[in-house]
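Chemist: Below is one structure. I have some questions about it.
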Amino acid sequence: MCLLSLPLLLFLQYTRAKAGEVIGGTECKPHSRPYMAYLEIVSSEGYEKDCGGFLIRRNFVLTAAHCAGRSLTVNLGVHNKKMKEDTWQRLKVIKQFLHPNYNSSVLLHDIMLLKLEKKANLTLAVGTLPLPPECNFLTSGRMCRAAGWGRTNVEEPASDTLQEVKLRLMDPQACKHFPNFNHNLQLCVGNPRKRKSVFKGDSGGPLLCAGIAQGIVSYAHRNAKPPVVFTRISHYRPWINKILKAN
């Protein structure tokens with residue numbers, strides 16, 4: 001093992017929220033992030049919610065485990081989620097692979113693979129995103145990018161268009177106020193002196209560092225103040241590879 005790095009849960013409601021909406025960012029150039037997936041979810045209780053995710057194989061999307069539901073539909077090639085284009089590909093999820101050690105109470109091992117009903121067609125607007133190797137060292141201070149659909153401010157309604165924001169990888173000490181933060185399993189991201197962050201709503205989107213998906217949006221403060229916590233993808237490469245090989 002490599003030792004490196006949308007309802008709220010009632011018992012977490014005073015400290016953190018499931019994350020994903022971009023605050024302090026800018027609108028992406030349409031279809032410049034062809035790996036992005038917009039997930040429409042019907043929860044186990046029957047209500048609708050949404051998440052982000054990203055295409056890693058033509059028939060597999062990677063996202064957060066807390067985005068699981070009774071049924072999921074993946075939308076690819078989306079820029080404005082309210083404005084359907086010819087670029088869209090809408091695919092049903094036929095199987096959800098939550099990490100076997102996922103803990104919903106503390107949001108550890110917050111990672112899930114989604115198998116699609118068929119392979120996506122790769123186009124200029126739909127493409128895959130590479131993953132890091134298992135032992136992949138990331139230095140604090142490095143600048144990365146996160147993307148998602150959602151609020152551009154805590155009090156604002158969700159954005160219809162895909163937004164992105166630059167975020168700094170922080171020393172794990174910056175996340176010590178999150179009682180269950182685990183540096184081996186998670187990344188601490190976002191300068192607390194900046195009003196740039198991701199927030200509740202569109203969890204599951206990627207943290208992109210030099211063209212590689214290094215993290216998955218997991219949770220943040222309820223007030224959206226950074227830093228925020230991402231699942232560290234490199235730790236889960238053996239599990240990801242096992243699922244992909246078997247399917």
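Including glycine, each Cβ sits where the backbone N, Cα and C put it.
For reference, Swiss-Prot lists these features for the protein:
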SIGNAL    1-17  signal peptide
DOMAIN    22-245  domain 'Peptidase S1'
DISULFID  Cys51-Cys67  disulfide bond
ACT_SITE  His66  active site, charge relay system
CARBOHYD  Asn103  N-linked glycosylation site
ACT_SITE  Asp110  active site, charge relay system
CARBOHYD  Asn121  N-linked glycosylation site
DISULFID  Cys144-Cys209  disulfide bond
DISULFID  Cys175-Cys188  disulfide bond
ACT_SITE  Ser203  active site, charge relay system
Chemist: Could you measure between Cys51 (disulfide bond) and Ser203 (active site, charge relay system) for me? Cα positions, answer in whole angstrom.
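Modeler: For Cys51 (disulfide bond) versus Ser203 (active site, charge relay system), the Cα atoms are 5 Å apart.
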Chemist: DSSP on Asn121 (N-linked glycosylation site), three-state: which is it?
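Modeler: The residue in question, Asn121 (N-linked glycosylation site), is coil (DSSP, three-state).
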Chemist: Cys144 (disulfide bond) to Cys188 (disulfide bond): how many Å between their Cα atoms?
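Modeler: Roughly 12 Å, rounded to the nearest whole number.
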Chemist: For the domain 'Peptidase S1' (22-245), provide the mean pLDDT of the predicted model.
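Modeler: Mean pLDDT across the domain 'Peptidase S1' (22-245) comes out at 90.
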Chemist: Near His66 (active site, charge relay system), which of the recorded positions Asp110, Asn121, Cys175, Cys188, Cys209 can be found within 10 Å, Cα to Cα?
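Modeler: Near His66 (active site, charge relay system), where near means Cα within 10 Å, the recorded positions are Asp110.
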Chemist: Which residues in the same chain, at least 6 apart in sequence, have a Cβ under 8 Å from the Cβ of Asn121 (N-linked glycosylation site)?
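Modeler: The list for Asn121 (N-linked glycosylation site) reads Gln89, given in order along the sequence.
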Chemist: Whole-number answer please: how many Å between the C-alpha atoms of Asp110 (active site, charge relay system) and Asn103 (N-linked glycosylation site)?
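Modeler: Just about 7 Å between their Cα atoms.
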Chemist: A 10 Å Cβ contact count, applied to the disulfide-bonded residues Cys67, Cys188, Cys209: which residue has the minimum?
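Modeler: Selected from the disulfide-bonded residues Cys67, Cys188, Cys209 on minimum Cβ neighbours within 10 Å: Cys209.
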Chemist: Measuring Cα to Cα, how many angstrom lie between Ser203 (active site, charge relay system) and Cys188 (disulfide bond)?
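Modeler: Cα to Cα, Ser203 (active site, charge relay system) and Cys188 (disulfide bond) are separated by 15 Å.
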Chemist: Among Cys67, Cys175, Cys188, Cys209, these being the disulfide-bonded residues, pick the one whose CA is nearest to that of Asn103 (N-linked glycosylation site).
Modeler: Cys67
Chemist: Cβ atoms within 10 Å, counted per site: which of Cys51, Cys144, Cys175 has the most, among these disulfide-bonded residues?
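Modeler: Answer by Cβ density within 10 Å: Cys51.
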Chemist: Taking every protein chain in this structure into account, which of the recorded positions Asn103, Ser203 has the most other Cβ atoms within 10 Å of its Cβ?
Modeler: Ser203
